[in-house]
Amino acid sequence: MDRKQQYERVFCHFDGNGDGKISPAELHLCLGLLGGEISAEEAETVVVLMDSDGDGQLGLDDFVRLIEGAEEEEKVRDLREAFKMYEMEDGSGRITPRSLKRTLSKLGEKKTVDECKSMIARFDLNGDGVLNFEEFMVMMS
């Protein structure tokens, strides 16, 4: 089963009355059954934000954009956590050659500072000798 078919199956499950649309109430109910914590007001807001045709409900395309957006947010959260492992201990939002060396060493991989400089240089888009979060995301993609 491909991704589109999976989305369609989930969509049909959420579409309780079978009208081909997901109402805020249906979204609230199904997310609640799946263990998601969302209020009726939040479900209404989600539908308003994602509703592309203005009918107050989510069509399949709206639902797919919602799901894919949530997946992307989760990826960014995971990358932020990984970035924090590597960044300077002062929370400066930068990975330096020394902080990279320190973290790699903790993970059992021995690298010199010069080797770490070379690793950073490949993804250092602005040439400042360190990686910021945006550059880290490029490196990890």
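Every residue gets a Cβ built from N, Cα and C, even glycine.
Database features (TrEMBL):
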- 2-37: domain 'EF-hand' (DOMAIN)
- 38-73: domain 'EF-hand' (DOMAIN)
- 111-141: domain 'EF-hand' (DOMAIN)
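Long-range contacts of the domain 'EF-hand' (38-73) within the same chain, counting only residues at least 6 positions beyond its ends with a Cβ under 8 Å from a Cβ of the stretch, are 4, 7-8, 10-11, 14, 20-25, 27-28, 31-32. Remark: secondary structure over the domain 'EF-hand' (111-141) totals 17 helix, 1 strand, 13 coil, with classes taken from DSSP. According to DSSP, the domain 'EF-hand' (38-73) comprises 25 helix, 1 strand, 10 coil. Break the domain 'EF-hand' (2-37) down by DSSP state and the numbers are 22 helix, 1 strand, 13 coil.
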